[in-house]
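These features come from Swiss-Prot:
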- MET1: N-acetylmethionine (MOD_RES)
- 105-143: repeat 'WD 2' (REPEAT)
- 147-189: repeat 'WD 3' (REPEAT)
- 247-285: repeat 'WD 5' (REPEAT)
- 289-327: repeat 'WD 6' (REPEAT)
- 335-376: repeat 'WD 7' (REPEAT)
- 425-470: repeat 'WD 9' (REPEAT)
- 476-520: repeat 'WD 10' (REPEAT)
- 559-598: repeat 'WD 11' (REPEAT)
- 645-684: repeat 'WD 13' (REPEAT)
- 739-785: repeat 'WD 14' (REPEAT)
- 1036-1073: repeat 'WD 18' (REPEAT)
- 1079-1121: repeat 'WD 19' (REPEAT)
Amino acid sequence: MDALEDYVWPRATSELILLPVTGLECVGDRLLAGEGPDVLVYSLDFGGHLRMIKRVQNLLGHYLIHGFRIRPEPNGDLDLEAMVAVFGSKGLRVVKISWGQGHFRELWRSGLWNMSDWIWDARWLEGNIALALGHNSVVLYDPVVGCILQEVPCTDRCTLSSACLIGDAWKELTIVAGAVSNQLLVWYPATALADNKPVAPDRRISGHVGIIFSMSYLESKGLLATASEDRSVRIWKVGDLRVPGGRVQNIGHCFGHSARVWQVKLLENYLISAGEDCVCLVWSHEGEILQAFRGHQGRGIRAIAAHERQAWVITGGDDSGIRLWHLVGRGYRGLGVSALCFKSRSRPGTLKAVTLAGSWRLLAVTDTGALYLYDVEVKRWEQLLEDKHFQSYCLLEAAPGPEGFGLCAMANGEGRVKVVPINTPTAAVDRTLFPGKVHSLSWALRGYEELLLLASGPGGVVACLEISAAPSGKAIFVKERCRYLLPPSKQRWHTCSAFLPPGDFLVCSDRRGSVLLFPSRPGLLKDPGVGGKAGAGAGAPGVGSGSSGGGNAFTGLGPVSTLPSLHGKQGVTSVTCHGGYVYTTGRDGAYYQLFVRDSQLQPVLRQKSCRGMNWLAGLRIVPDGSMVILGFHANEFVVWNPRSHEKLHIVNCGGGHRSWAFSDTEAAMAFAYLKDGDVMLYRALGGCTRPHVILREGLHGREITCVKRVGTITLGPEYGVPSFMQPDDLEPGSEGPDLTDIVITCSEDTTVCVLALPTTTGSAHALTAVCNHISSVRAVAVWGIGTPGGPQDPQPGLSAHVVSAGGRAEMHCFSIMVTPDPSTPSRLACHVMHLSSHRLDEYWDRQHNRHRMVKVDPETRYMSLAVCELDQPSLGPLVAAACSDGAVRLFLLQDSGRILQLLAETFHHKRCVLKVHSFTHEVPNQRRRLLLCSAATDGSLAFWDLTTMLDHDSTVLEPPVDPGLPYRLGTPSLTLQAHSCGINSLHTLPTREGHHLVASGSEDGSLHVFVLAVEMLELEEAVGEAGLVPQLRVLEEYSVPCAHAAHVTGLKILSPSIMVSASIDQRLTFWRLGHGEPTFMNSTVFHVPDVADMDCWPVSPEFGHRCALGGQGLEVYNWYD
């Protein structure tokens, strides 16, 4: 070990920050964004690309940027150079920047000036800067000399929550101060008789019943807008505020936000507001809501900016995302809801069903059996036909495809189906399929080659009709191809269907929530044992018995694969096939991604919709390749984009318990429904897309609770595709720019996110997000890291198994596979497959003797996870979980994670367990020992010998038929009182001497480091290696009582000589080990508040180490040894 004086201290530098965006400002065709102390510069020039051109790091030191103020130029030209004042918290810095010819350059930078109070606003005054400070005072500052020229307080020295400075010279400077008394104080600093002489307020404006967070003044119209804690925006007619004694009139009291309003901005024709509800509203000056922009996640939108010449609104949120929206007139506007005025004396009867044949033709049927057509362009109703057989009960469905292929189908309660060509209704064809009621109709289209109509009758029989047209197009042919038989259920009919490319199978769904796979024609079933025929006469055309009395009276083709009750008893609402996957939606609020392998349906991933939208009605793939979800949120029809988390369209229709139809093309989107005896139609140009730009994707809407690095992918320079490489196998000559780290983060927002972190670009790419959890996700563990093709076939990419756990005692296991994809910005794509899940309350409900037991607390949370890989790979790993109910639980993962079973537990700690950590003890010529360490809120550590526990009862590893109660872990091998309060961080590292270095960090800011020896003792009654029992003993023990000023939430032993710790005090500290008590080496201030977890890993000898810190944001550091 080198001497202390010869050691080079690590120098940690920040390379990536993902924090809430707190400041935005448009400067010409550029956008300045403040993220922590960093400034992001985006190019908004339509002649080029919307992209980030520069990140200026650490511009404001350790302060958060809250605003930018641009010095006005005499010629008004800001396209080449700009002088910018950047302020936030108590810091101010002035920079002169140039971005001519697309190149960003910093020409001059002033020093960082620290004010004595919080800066609420800044304004340029003839080369100087006026600052509005937190206790109602104004400072005139000289940015060249760096000194205060004048400071004037107000007589009301109250705390401010916002302020606005108005005027271009000191003599006319006006401040509108938002006091904590919910009043606006208007006063004039230049009226002070002497320096530091207080000035009395000229006017007091009252009206809000909450703190005023933001205000904006429009000089051209004499309007002032304020945003408040009371969830309202007020518009005041104030005239010219630079003139004392003016009259103030409240001309608008705008309610539209469901939470506190953070920001407001007045434009010439609009008022923009944004708040805690993550909604940006566009108002008229009369207080009418014109547009609503939704897409950010989490706790709100923190910054807004506007580009009036381009009619843009830019928003920055707590989720670190930046989005650009088009104002009215620039985007695709919804044409609103219009009544089609069906009621007329010439159209008797009551409307029963409605459907859309494309986006401009609408069909409706009445209880008299009349079928009507409405042309949106002509705006006229036309009766196509009338059939008395379709009175009272009638189903109506239009064929899919461009403008409905000109076909629709009707069905009645007597088993009759009518196929109607819309252009020539006299050529309609009738077929009687069943002796009873037709329960449902659906179309299945395979390109332009094949069109099928499926009709469900009594007894679960589904008739499959093949529809074709004559060469003249004036006649159609309807031929029954075969019949299918659904599995028994209470409501035995299908709900939707779709062809599975290339067309050999049909994917159907039924009312009980099952997804079924049928052959598209009977001849495809070569093996009668697969799927098979249910009873005699299967596939025979004509009328079947179809009685619900059952038996085997009627037969049909059975499904070759079934996923029973996938969406629950509410049923499946849509089936869509795209990109080799099957997507299903249901009324359980979830949509599934399925995969067909060897004629069997396999679930891949279950995703939840937006909060509150439990009735999913459909799924569409838009031209850019992304998907949108259709559904009902209470009484509203919603088109939701899961990628951007945005509600693209909202129609107040009254709910889904009515006849409705949806159609979309690239040109337009239409939604029709019945309400109050009339047909209502909503149309929007541009289909299901919204012309907005995501300048930067958001990460998480709430705090990050865990960060876990999975592996490193090397981007091959000659091929431009990634290849998997373990960090320890990197060649000494490999360069950092080729490396991309794959990191998993989990959050309080119930999502698990997979990120790609390149080593050079200073950016993060969100590859995918998993939304299976119903509560917060607090811990993630990774195992089985490798390549997609396995060791024998090393394909480019990375694969791993992931276990996530959190609130409501819920645990999920899924696999990820990261593969090359040149079409994405990161050149990577991530495929996720959900494998298994487990919840403690569901486990207890399955017990036969549950009436004798106290049910597990449903509020139990998993605080930490650790993977313990056994010597027998066929058995899978163990997952240890630290639980808030005082238990340490062991779960067994089998069948590559598809079986997740509770194996054993212990309540040794008798209080909340915060951390678990597993490690192995390996000695030559001896068996590998598996050890587990747990830490609780009382500061105690417990060590468990898992190998001995499993040896004494080998049947534990065999999944029993009836698992009953879990096994007990017994007593720990060693207990240790390391701290006086809770332990939030824990890590171990083996030493060269065969011992283990153990370090822990506590809530009191202390560190505890000790050397643990594992000695093998042989039992007298045992023979062989099974009789070896380890004895754990502490050799050396050291403590650092005041290592940090707050909770130590991250700790990593990098080597036997160096350790790094992170704390809520926002310090990343390096410690020297190996010379007795740990000694301080170096410390770096990071910018993530309330850091909850940290992970460190070596990248390459040239690039050194990387460290990811997660809390209310994400920050990545790197350093060289």
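Cβ atoms here come from the backbone N, Cα and C positions, even for glycine.
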Segment-level pLDDT (mean, integer) for the repeat 'WD 14' (739-785): 91
Intrachain residues whose Cβ lies under 8 Å of the repeat 'WD 11' (559-598), provided they are six or more past its termini: 484, 486-487, 491, 495-501, 505, 507-519, 525, 530-531, 604-609, 613-621, 627, 629-631
Cβ-Cβ under 8 Å with the repeat 'WD 10' (476-520): same-chain residues at least 6 beyond its ends: 407, 419, 421, 427, 429, 431, 433, 439-440, 442-446, 449-450, 452-454, 456-457, 459-470, 531, 534-535, 538-542, 544, 548, 550, 554-577, 580, 582, 584, 586, 588, 592, 594, 596, 599-601
For the repeat 'WD 6' (289-327): best-contacting stretch of 105-143, 335-376, 645-684, by Cβ pairs under 8 Å: 645-684
Secondary structure content, the repeat 'WD 5' (247-285) (per DSSP, counts of residues): 0 helix, 23 strand, 16 coil
Intrachain neighbours beyond the repeat 'WD 7' (335-376), with Cβ under 8 angstroms and 6 or more residues off its ends: 382-399, 402-404, 406, 408, 410, 420, 422, 425, 651-652, 659-665, 667-670, 672-674, 677-685
Positions whose Cβ lies under 8 angstroms from the repeat 'WD 13' (645-684), at least six residues beyond its ends: 292-297, 332-343, 350-360, 362, 364, 374, 376, 398, 402, 404, 610, 615, 617-618, 620, 623, 628, 630, 632, 634-639, 690, 692, 698
Intrachain neighbours beyond the repeat 'WD 5' (247-285), with Cβ under 8 angstroms and 6 or more residues off its ends: 203, 205, 207, 210, 213-218, 220-221, 223-229, 231-239, 291-306, 308, 313, 315, 317, 325, 327-328, 701
Distal contacts, the repeat 'WD 19' (1079-1121) - CB-CB under 8 A, six or more residues away: 4, 7-20, 36-37, 62, 64, 320, 699, 703-709, 712, 727-728, 730, 732, 734-736, 739, 741, 743, 745, 757, 759, 764, 985, 1049-1052, 1054, 1058, 1060, 1062-1064, 1066-1072
The repeat 'WD 13' (645-684) - residue tally per DSSP class, helix then strand then coil: 0 helix, 27 strand, 13 coil
